[in-house]
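Input: a single structure, listed below in structure tokens.
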Amino acid sequence: MSKNQGGNKHQGGSKTHLGHRARKRFGQNFLNDDYIIEQIVDAINPLPGENLIEIGPGLAALTEPTVDRSGHLKVIEIDRDLVERLQHHPFLSSKLEVIQADALSIDFSQFAEEGPARVFGNLPYNISTPLIFHLLKFADDVKDMHFMLQKEVVDRLAAEPGSKSYGRISVGVQQACKVTPVVAVPPSAFTPPPKVESSVVRLEPYAESPHPVKDKAQLHSLCLTAFNQRRKTIRNNLKQLVPAEQMEALGIDPGARPETLSVDDYCRISDWLTEHSLTKQAEKNDSQ
């Protein structure tokens, strides 16, 4: 595999990165393998006129080949030094809208006027899961997402019931999105090389989920409780929330372990909790 510092197509176009040291507090690992970069951009398949948003462009390894195909790109970067470099980049600055911000604090619905957002990035591993759940709040405005993540996280996102990787993020993300791992990325593709394998995943929010649920916040809260102690049964983990006989009425074995329940199972329990809490609130209001 040939290596460079984020692409040398423009003969000096990426020189702007020189001298930047990866910052641990931002979880920075910079992609620098041309072959892997091309595979990732092919998977994204950016086209002119699309509402493309890159999170954490870093040294522009994905930014350059993406904007070559799309002509324009929004980038969200928290690191002030990298923002300045991108704003003064001799080849990219005119094609970029650079937003200095923490992606976790951004309301992505503000970009919806320009069409469904296509979001991608080599995410810092320390914010990857919170950021995905943050973006799912704006799923109606997002066409798809392509993220570089730890392979372990991608395995969890795509895991099926019964596997050791299956957990709360599997349920939360699969309820909202089609999940497809698309590119495997070795540590050698980064500077500095991380200690873990990486993978790029494609997340496509459903227009209509095959796993409908009335309250996603309720579902996420339920999964947090259910998977808190994986070795215990659902009866045990949810005893403060759902009576065992109610689980049976929903077609769920109370003696099952949390990782054996399907996404639909969790959605049914969540909907019962939503209805149950509404009923209790109505009864409380009537008694006042």
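Just so it is clear, glycine is given a Cβ too, placed from its N, Cα and C backbone atoms.
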> For the S-adenosyl-L-methionine site that Swiss-Prot assigns to Asn29, Leu31, Gly56, Glu77, Asn122, which of Asp102, Asp141, Asp144 is also named?
Replying inline: Asp102
>> Let me make sure I understand the span of the S-adenosyl-L-methionine site: among Asn29, Leu31, Gly56, Glu77, Asp102, Asn122, what is the greatest distance between any two Cα atoms, in Å?
In response: 20
>> Can you tell me whether DSSP puts Asn122 (S-adenosyl-L-methionine binding site) in helix, strand or coil?
In response: strand
> Counting across all protein chains shown, how many other Cβ atoms sit within 10 Å of the Cβ of Leu31 (S-adenosyl-L-methionine binding site)?
Replying inline: 23
>> I need the most crowded of these binding-site residues: Asn29, Asn122. Count other C-beta atoms within 10 angstroms of each C-beta and give me the top one.
In response: Asn122
